[in-house]
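Novice: One structure is given below, represented as structure tokens, and several questions about it will come after.
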Amino acid sequence: MSLQLPAPLEISRSDEKSCYYSQYYEEETDHEKYEKSPPGAVQEAVEVALDAGYQHVDCAYFYQNETEIGAAFQKKLGEGRLKRDELYVVSKLWNSFHAPQDVKPAFLKSLMMLNLDYLDLYLMHSPMGFPNISGELMPQKDGLLLQSDVDTWRAMEKLVDEGLVKSVGVSNFNISQLERLLSVCRIKPAANQVELHPYLTQPKLVEYCKSKGIVLIAYSPFGCPALPCPSGENSPVPLLENPTVNEIAQKHGKTSAQVLIRFHIQRGIANIPKSITPARIVENAE
């Protein structure tokens, strides 16, 4: 397989093998399982994914496992069978580090944990910022999350200027938030990573991003199988158990997860399935 590093302001092709690793894992066949990944599981999963030909690896400081992912990168790159420019590595700026003076240190910390010299894409994890209170992930006062409105984007643009990251983007932004950013930015966001699946297609956001040349990356392509669905006569079944999805899978000799991945590919949307089970990691790439 010939692998090429996407140019700045471009994301990996929608059919490129992609994965992401949260501090929690979702097993596609068990929508009731939502557990913290055991020690070492994430490193092993990344190694399996890299051996299977995955290129786009989605990370984040908030997931609290970039050290494990970095160990996997170091091992596989050290074996000499994988080159850095064959990977597309993404991380995210957490909400507590939106103050301009906090952006670069947060980025460098992720870079160090990932054992890399540069990132391909750095995303603002959310449009909502928290004050940095001793590095807490979710700082609160009187039970309420604290928010701040600071000029984070310009500090992220400087990371591109300094050659630390090839592209910058956002996550969980809606149309109005994107419009506000586009009105002031010097470097256009390369991507917007949002929840997308057949139960949440977000057609207006999809069309808007395409019209602005912003690549969409779909997280939770299986519809958050680990989270319980609402009960009731008209409530949807978990997406992986949806009769239509299952019918399509049986017709084509595929799994429901493979059908849902294909759903995004046919829409021209990159998607990042998540699993720590080796067999499913390989299966999702087929």
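Cβ atoms here come from the backbone N, Cα and C positions, even for glycine.
TrEMBL: automatically predicted annotations, no manual curation.
TrEMBL lists these features:
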type	residues	note
ACT_SITE	Tyr63	active site, proton donor
BINDING	His125	substrate binding site
DOMAIN	34-285	domain 'NADP-dependent oxidoreductase'
SITE	Lys92	site 'Lowers pKa of active site Tyr'
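Help me see these features in their spatial surroundings.
Specialist: Shown in sequence order, Ala60, Tyr61, Phe62, Lys92, Leu93, Trp94, Asn95, Ser171, Asn172 are the residues of the chain, 6+ apart in sequence, with a C-beta less than 8 angstroms from the C-beta of His125 (substrate binding site).
Lys92 (site 'Lowers pKa of active site Tyr') is surrounded by 25 other CB atoms, counting those within 10 A of its CB over all protein chains shown.
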Novice: On average, what pLDDT score does this prediction assign to the domain 'NADP-dependent oxidoreductase' (34-285)?
Specialist: 90
Novice: Note down the number of other Cβ atoms within 10 Å of the Cβ of Tyr63 (active site, proton donor), including every protein chain shown.
Specialist: 20
